[in-house]
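Undergrad: Please read through the structure below; I'll follow up with questions.
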Amino acid sequence: MSNFFKNRAPPRQKRSPTPTGGGLTRKDSFGSEPSSPSVASGPKPLYLSRPFCDAALVKGNFKTIVVQPKYVDPNEWVAVNVFDFYTNLNEFYGVLTECCTQQSCPTMSGGPSLNYTWLQDRKRVSLSAPTYIDSVMSTVQNLLNDENTFPTKSSQPFNPEAFVGTVKQIYVQLLRVFAHLYHAHFPDILHLRAEPHFNSMFAHFLAFGQTYGLFEERDIRGEPGAPVGVGALWERWRSVGILES
Ligand SMILES: [Zn+2]
């Protein structure tokens, strides 16, 4: 069971300031909720415009690459994929940190009228996007390194109940990071000519999450009046067959 995880602990670069106040507990850090200031939506974003919206490294449906391989433990399969999504997104974000600063992104925006807030000491706090994302990445890394949730030794089984809950929480937070990067930094991604990579990574992430029920529809659509920007991209990819509808 443990072979996938031999080298699981990733080297993580320190990129941006840690959250003020510190002491974020696991419970606190995943209690964040979207807030919905009333901001009018603007013109169609570039990530929904052709040709960028359908740019990809590979053409076709992601269904086949998310299928659990024969003889692989289902929890192990989910764990190793979540670990990869986290690692790849963290590295991708590392390239964009110059663009995502306290000044450029004073809030964790995920759409024209959506700012995610972080639950800290039972209070919702508005963090800048770099601080929010750094909190997500730090917390997820700690969870992935926790042997009680993500065991790496064959003698230690998964605790299915705790595992599923934790993975879903991780997934929702990584989804928010994707939402922010698309909403606030897609021009930067285009500048790097990285949109095929980023789209492919996100489509894979969505296909996997959809297949294993790791996020809810409201997580990708958002709330009325505060839609998630990439919810429209998810819809599009479903309509053109990149994702299962
Ligand atoms: Zn940003």
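Quick reminder: no glycine exception, Cβ is built from N, Cα and C everywhere.
Below are the features I grabbed from TrEMBL:
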type	residues	note
BINDING	CYS100, CYS105, HIS180, HIS185	Zn(2+) binding site
REGION	1-42	region 'Disordered'
Undergrad: Using other CB atoms within 10 angstroms as the count, which residue among the binding-site residues HIS180, HIS185 scores least?
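TA: Per-residue Cβ counts within 10 Å for the binding-site residues HIS180, HIS185 bottom out at HIS185.
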Undergrad: Neighbour count, 10 Å Cβ-Cβ cut-off, for CYS100 (Zn(2+) binding site): what number do you get?
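TA: Excluding its own Cβ, CYS100 (Zn(2+) binding site) sees 20 Cβ atoms within 10 Å.
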Undergrad: Sequence gap of 6 or more, Cβ distance under 8 Å: name the residues on the same chain that satisfy this around CYS105 (Zn(2+) binding site), in order along the sequence.
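TA: Spatial neighbours, sequence-distant, of CYS105 (Zn(2+) binding site): SER128, ALA129, PRO130, HIS180, ALA184.
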Undergrad: Can you tell me the three-state DSSP label for HIS180 (Zn(2+) binding site)?
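TA: Looking at the DSSP assignment, HIS180 (Zn(2+) binding site) belongs to a helix.
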Undergrad: Can you give me the residues near the recorded Zn(2+) site, meaning same chain, not CYS100, CYS105, HIS180, HIS185 themselves, Cβ no more than 8 Å from the center of the site's Cβ atoms?
TA: LEU96, CYS99, SER104, SER109, ALA129, PRO130, ILE133, LEU181, HIS183, ALA184
